[in-house]
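Here the structure comes first, spelled out in structure tokens, and everything after it is commentary.
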2 protein chains.
Amino acid sequence: MQKPLILVTNDDGITAPGVRNLVEFMNEIGEVVVVAPNSPQSGKGHAITINSTLTFEEISLEGPQSDYSLSGTPVDCVKFALDKILTRKPDIVVSGINHGANSSINVIYSGTMSAAVEAGVEGLQAIGFSLLDFSWDADFGQAKEFIQEIVLKTLENPLPKGVVLNVNIPKLEKDKIKGIKVCRQAHAKWEESFDERINPHGKKYFWLTGYFNNMDSGSDADETALADGFISVVPVKFDLTAHEHLEQIAAVLNT
Amino acid sequence: MQKPLILVTNDDGITAPGVRNLVEFMNEIGEVVVVAPNSPQSGKGHAITINSTLTFEEISLEGPQSDYSLSGTPVDCVKFALDKILTRKPDIVVSGINHGANSSINVIYSGTMSAAVEAGVEGLQAIGFSLLDFSWDADFGQAKEFIQEIVLKTLENPLPKGVVLNVNIPKLEKDKIKGIKVCRQAHAKWEESFDERINPHGKKYFWLTGYFNNMDSGSDADETALADGFISVVPVKFDLTAHEHLEQIAAVLNT
């Protein structure tokens with residue numbers, strides 16, 4: 001039997017420890033091709049490169065996989081891999097492991113998750129993985145068996161059409177992780193605050209900062225599961241239609 | 001009575017005819033503040049600027065509104081306006097008018113719609129407008145009364161929590177537009193194709209191109225409404241959870 005073909009990408013850049021760990025875990029499951037950004041792309045959401053051009057190169061990194069570094073966004077990487085690099089359709093696309101959480105509303109800002117969503121739009125099985133630890137030397141090892149389990153189960157039991165998975169892993173030692181919980185996206189938002197500074201030429205400039213405000217303590221919310229020590233899995237869709245409100249809005253606009 | 005405060009943004013840049021038309025239409029309804037990108041930001045999706053800094057300036061353009069030009073993405077513009085420019089909460093945020101369609105799956109790539117979604121995340125009323133005409137000198141005038149009507153009705157009848165509107169306008173003369181239709185997002189995708197070229201130094205580079213593949217002829221889909229000569233209005237949500245599949249996925253992952 002042919003080994004599954006696994007496309008790996010991320011948003012922290014092709015050399016980030018998070019993606020190198022994910023590649024190592026996937027090498028034990030299938031044939032791995034990595035197409036990932038050549039620079040950090042955090043917070044790029046579903047951006048694509050249309051007003052400038054892209055370049056790529058094959059690079060040599062440890063392991064049996066092939067590695068291609070692209071000058072674009074995570075979503076560009078998925079599109080480019082499918083059109084220019086892969087010679088057959090991948091069995092699954094995995095993105096990450098992100099250095100930092102992509103739970104709750106962060107799914108819409110996340111390059112990691114946008115790559116997975118793009119793969120879903122392409123009709124592929126796709127999962128984004130994130131660890132709740134921003135540090136470059138975070139310990140991704142404790143998540144290995146959970147990640148492999150989720151990927152293997154998804155290969156065996158394909159996701160419903162139009163759905164990809166958003167997996168977040170708490171920053172805990174392996175034996176402290178309580179298990180996997182399928183959740184809904186918590187209701188939360190960033191309270192932004194721009195940090196104002198003055199450049200050497202006297203002009204104001206700003207850094208986007210803020211704090212994450214979770215407004216949702218529901219037992220079925222991803223933030224709750226993570227706080228309780230579970231790995232959260234949110235099925236994410238890209239039909240953004242608020243079907244439940246179509247009639248109400250039609251009643252207003254069609255009078 | 002205080003006039004409604006209307007925040008206007010877009011993704012084609014603050015001087016694009018589409019946003020200047022929208023500003024003109026909104027000046028007849030309320031007090032208008034424009035915070036828009038200083039450069040084209042098409043296809044930026046929900047990108048935010050976290051690895052570099054932002055600058056802004058107040059610029060002087062025709063009309064009674066205030067105009068602020070920001071060095072960031074459309075989503076940055078909404079965040080920056082709320083934190084640094086506006087002195088009270090806007091009654092509504094309008095984005096566009098985009099030069100080109102944002103119907104169907106384009107909602108996830110669109111900077112125009114991502115600005116509206118960000119406003120929704122902030123708990124504000126928000127609408128994105130797009131005209132099915134990519135040209136810089138497109139005629140936005142025929143949409144004036146429809147756009148004003150949608151904004152006024154939304155101010156009078158607030159949208160359900162967690163919902164913003166994605167409005168697309170067909171490229172038709174005013175008396176050929178058949179009316180407004182509330183729709184769902186059509187099932188469609190881009191079939192990408194990267195156009196390969198060689199630079200003067202002999203290195204390959206690529207332009208992202210492709211064609212739009214509508215796979216959905218449902219009478220309730222936005223693409224159908226537009227093809228039939230209607231203005232399409234899709235209520236868009238940002239809880240991306242596939243609630244209808246939670247149990248099925250839990251059954252797979254929790255065994």
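Any Cβ shown, glycine's included, is placed from N, Cα and C.
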The divalent metal cation site in TrEMBL lists B:D11, B:D12, B:S42. Which one of B:N27, B:N51, B:N98 belongs there according to the record?
B:N98
Give me the sequence-ordered set of same-chain residues, not including B:D11, B:D12, B:S42, B:N98, with a C-beta within 8 angstroms of the centroid of the divalent metal cation site's C-beta atoms.
B:N10, B:G13, B:A16, B:G18, B:P40, B:Q41, B:P74, B:G96, B:H99, B:G100, B:S110, B:G111, B:T112
Let me know the most crowded of the binding-site residues, choosing from B:S42, B:N98 and counting other Cβ atoms within 10 Å.
B:N98
In the predicted model, what is the mean pLDDT computed over the domain 'Survival protein SurE-like phosphatase/nucleotidase' (B:6-192)?
97
Among all chains shown, work out which of the binding-site residues B:D11, B:D12 has the most CB atoms within 10 A of its CB.
B:D11
